[in-house]
Amino acid sequence: MNLIEFKILETVIAIALFIAIRIAIFKLIDRIVIKNLLQKSRGKITKKIIQFILLTITFLFILTVWGIDHSELFLFMASVLTVIGIALFAQWSHLSNITSGLIIFFNHSAKLEDNISIIDKDYEVEGRISDIGLFFIKLKTKEDEEVSLPNNIFLQKMIKRNPARR
């Protein structure tokens, strides 16, 4: 077996391991979500984070197999992240919404399907939380209207959890 064939074999093994580990971890996450009665959206976000980490590790391993110098790769990644950082600074509200979405997801008392009122001096919104996204929270009102609220605004307002409507 020559060197190229060996590198291809190592790459295929790395990809197969990535897939096997991903499947095993995703099944474990699904069991934990069901066992602990957690929201499915939490499982989805956890899966995305784990998949990103596994992909990064697999990618770095494959680059090592093919002889790519890590210092050059890290210099390139630092340049890309600098440009992304400048772009995010220019779009500070997007970064704020993403950060707020993560805080709401992990620490807020309001969960999916909860009936809530957002108390504001000018305008009060009442509805059921139908989705918690990366940028917006969606509420379904009594009139069956959908209201989207930016995560950073949701985090700043006073929230009252209402008893479930049937």
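Numbering starts at 1 and runs along the chain as it is shown here.
Positions of Cβ are set from backbone N, Cα and C atoms, glycine also.
Marked as domain 'Mechanosensitive ion channel MscS' by TrEMBL: 95-159. Among the features that TrEMBL reports, transmembrane segment is placed at 12-29, 49-68, 74-92.
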Per-region confidence, the domain 'Mechanosensitive ion channel MscS' (95-159) (mean pLDDT, whole number): 83
Per-state residue totals over the domain 'Mechanosensitive ion channel MscS' (95-159) - DSSP helix, strand, coil: 19 helix, 25 strand, 21 coil
